[in-house]
Amino acid sequence: MSIWELLLAFVVVLLMLVALLANVLVLLCFLYSADIRKQVPGLFILNLTFCNLLMAVSSMPLTLAGIIYRSQPAGDQLCHAVGFLETFLTTNSMLSMAALSIDRWIAVVFPLSYHSKMRYRDAALILSYTWLHSASFPIVAASLSWVGFHHLYASCTLYNKRPEDRTQFVIFTGVFHALSFLLSLVVLCFTYLKVLKVARFHCKRIDVITMQTLVLLVDIHPSVRERCLEEQRRRRQRATKKISTFIGTFILCFAPYVITRLVELSSVVHISAHWGIISKCLAYSKAVSDPFVYSLLRHQYKKTWKDIINKILKRSSINSSALAGESHTRNLPQLNE
């Protein structure tokens, strides 16, 4: 193995381990907290978490083996199954992020009617659509034998080996990415920009009230006034940072891989094998960033996993105290003797 291949293999291992750990932690928080389970967005996050976990235990290990052995690491049937699953999971993840953005849009833009517009039944219908949408493309690809080991990405994915099917495969690939990546990106941009508009409107109203209060309070200490103004700046930046993170991570992780897949269809441009694997690793990195972007950095999830850790530490301390007390009682007869 070259130094590049060794470095890429290390990156895949790191992504796989962090994705497993972070998504398992999200799953534990979901199982532990009844409040998280009651929330409708929890269904979308749970679906996204399962997609990321399956990606980490199916596609990533085979890609790692493909980098190491520089060839198909498993039999045709296993490779076809993993390629089918990878296409399904990637599309499902994208649509799940779009569903989360729709949920936030309804909650912020239509807060009074949110509970009537976004119920568990509505969320289940949206998830049913994402599953049907995500399964349709890999089913078509598998039926036409367009799934296999692709050396450019060192992974089992969409791949056409027959030159006579080139035109059909180009059309299929373009439609697939238009109805998965592009559709999800348009939904993300539309919904989150609407949310940002409403957030800025509320920030302006709060800023006006704050400035009026500061003008009336002439005897207020300068340090208090400065803290109020600093909080205004943070409030204006908070919504922008969150929405930039949602859209930015989606584009950064998926866009290089999707663009590479589309450019690859042209025989004019030569793509380096190293870049192909790097773009694949960027797509895998979404399984690492999702738990932090959508779950673990939120207050409710941070409180939940801190409660889990405290409960584990408290239980272990109680057990150690009980063992110490038991050993002390055992030593008493020896001391009496």
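Quick reminder: no glycine exception, Cβ is built from N, Cα and C everywhere.
Among the features that TrEMBL reports, transmembrane segment is placed at 6-32 (among others). When Cβ-Cβ distances below 8 Å are used as the criterion, the transmembrane segment (6-32) is approached by residues 42, 45-46, 49, 52-53, 55-57, 60-61, 63-64, 67-68, 274, 277-278, 281, 284-285, 287-288, 290-292, 295-296, 301, 304-305, 307-308 of the same chain, each at least six residues removed from its ends.
Here TrEMBL flags 22-294 as domain 'G-protein coupled receptors family 1 profile'.
Residues annotated as transmembrane segment in TrEMBL: 44-68 (among others). Taking Cβ pairs closer than 8 Å, the transmembrane segment (44-68) reaches residues 1, 5, 8-9, 12-13, 15-16, 19-20, 23-24, 26-27, 30, 74, 79, 82, 85-86, 89-90, 92-93, 96-97, 99-100, 103, 123, 126-127, 130, 149, 153-156, 277, 280, 284, 286-287, 290-291, 294-295 in its own chain, all 6 or more past its ends.
Positions annotated as transmembrane segment by TrEMBL: 94-114 (among others). Non-local neighbours of the transmembrane segment (94-114) in the same chain are 40-41, 44-45, 47-48, 51, 123, 126-127, 129-130, 133-134, 180-181, 183-184, 187-188, 190-192, 194-195, 198-199, 246, 250, 254, 290, 294; each lies 6+ residues outside the stretch with a CB under 8 Å from one of its CB atoms.
Sequence-remote contacts of a segment are chain residues at least 6 beyond its ends whose Cβ falls under 8 Å from one of its Cβ atoms, and for the transmembrane segment (126-149) they are 43-44, 47, 66, 71-73, 76, 79-80, 83-85, 87-89, 91-92, 95-96, 99, 102, 155-162, 165, 168-169, 172, 176, 179-180. Annotation comment: TrEMBL describes 126-149 (among others) as transmembrane segment.
Through the fold, the transmembrane segment (169-195) approaches residues 90-91, 94-95, 97-98, 101-102, 104-105, 108-109, 133-134, 137, 140-141, 144, 146, 158, 160, 239, 243, 246-247, 250-251, 254-255, 258, 261-262, 265 of its own chain, all at least 6 residues removed from its boundaries and within a Cβ separation under 8 Å. Under the heading transmembrane segment, TrEMBL lists 169-195 (among others).
Under the heading transmembrane segment, TrEMBL lists 243-259 (among others).
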